[in-house]
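K.L.:
So TrEMBL says this about it:
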type     : residues : note
REGION   : 1-41     : region 'Disordered'
TRANSMEM : 86-104   : transmembrane segment
TRANSMEM : 116-136  : transmembrane segment
TRANSMEM : 211-237  : transmembrane segment
TRANSMEM : 275-297  : transmembrane segment
TRANSMEM : 303-333  : transmembrane segment
TRANSMEM : 340-359  : transmembrane segment
TRANSMEM : 371-392  : transmembrane segment
Amino acid sequence: MTTEPTSTPSSQTPLEEGQATAASAADAAPRQDSDAPEIAGYAPAAGPASHAAPLMLHMPVDVRNLSLALLALFASVALLHWASAVFIPIMLSLLLTIALRPAVEMMARRHVPRALGAGLLLVAIVAGLASTAWSLSDGAAQLVDSVPVAAKKVRDNLKARAGGSSPLDTVQKAATQIEQAANENSAASAAPRRGVQRVIVERPPFNIRDYLWSGTMGLMSALGQLMVVVFLTYFALASGNLFRDKLLRIAGTSLERRKVTIHVLQDITQQIQRYLLLQVFTSVLVGLATGAAYWALGLENAAVWGVVAAVLNLAPYIGSALVTGASALVAFLQFGTLDMAMAIGGASLVIHTLIGNLLTPWLTSRTSSMSPVAVFISVLAWGWLWGLWGLLLGIPVMMAVKAVCDRVEDLKAVGELLGD
């Protein structure tokens, strides 16, 4: 007779039995090696001798699209540089159109045709610029004629202060003597070989006709570009909202796309108009400060210098350098001392540094929602690309770029980089 084993009831509760089973399964499982990859979302506790691994950002990069974007960027920069003679007049005309559109619209509300109002406005501006240039031509000619005399006086003053020849003259004399000794030694030691003819390359003499011809051609080219800008601005002002309507038709029939297009155009117009008003304000401020400083120091024609400083303030860096150098030269001719020339030039330099290089970029960043770093970099980049015109047009172009990037989903990262 076989007796079946009887099972004794367990004293553990079902919860305790589950915990014991999980513990035994964990002990029976193989221990994970420390070099095995971590499970997503799980980070093992660092022991006393282990170092915490650095946080890594796993962001996939599409190499193909990135390469194509870089190639497109480089091609665009090369095209802008190569075709600068085409793009610069277009950008200038667009800038003038945005600046003068409110005046044309005001005349249109008074029942003046747009074509007539735009023509009268441009004629008045060109006539004002021409009369200003004509009134300043005599002073500019006198300044150019006085440059050699002023240079000689500066040199004599520096020699008198140094008590003899300047270090530059000493170095120049030493270099001349060394060159003469080297030529004599080479002529004495290396006699002309038989059958070898010594060739001396002489520079062609200075030809005033070639110089005048090149200068005349440069002046004619500048006048031609100016006429192109004037005509482009006139047609853009006379056409009214034709360009905006064409962009709306290109945007399609979607109401959302049309709204985005209108908002982009409004943002570009408002930011550029605020930027131009800011330039006028800072230029007037520079002119008043320069005129007051020159009047306090006793420089003649201080009011004229204030007007010149205000106009040249529109050209960043280059305008301040011209005003500083020219005013220091005129001060040296008037007072005859180097101290007053340095005082006049230093006053101009301080004014342009505080207002033009510190206050203007900060106010520009506030009015355009661009960071001061982006403003400064854009001025440098466009100045390298287009020279003086790049210094004038760089910030408005980047304002337009940021306005577009803020409204396009795929370009919001660029707008964020340019923003403050």
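Backbone N, Cα and C atoms are what each Cβ position is placed from, and that goes for glycine too.
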K.L.:
Which one of these stretches, 116-136, 275-297, 303-333, 340-359, 371-392, has the most C-beta pairs shorter than 8 Å to the transmembrane segment (86-104)?
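P.N.:
Between the candidates 116-136, 275-297, 303-333, 340-359, 371-392, the best contact partner of the transmembrane segment (86-104) is 116-136.
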K.L.:
Checking distant contacts: for the transmembrane segment (275-297), what same-chain residues at least six beyond its ends satisfy Cβ-Cβ under 8 A?
P.N.:
95, 98-99, 303, 305-307, 309-311, 313-314, 323, 327, 331, 340, 343-344, 347-348, 351-352, 355-356, 359-360, 363-364, 367-368, 395-396, 399
K.L.:
Which residues of the chain, 6 or more past the ends of the transmembrane segment (371-392), have a CB below 8 A from one of its CBs?
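P.N.:
For the transmembrane segment (371-392), the far contacts come to 77, 80-81, 84, 88, 91-92, 314-318, 361-362, 364-365, 398, 417-420.
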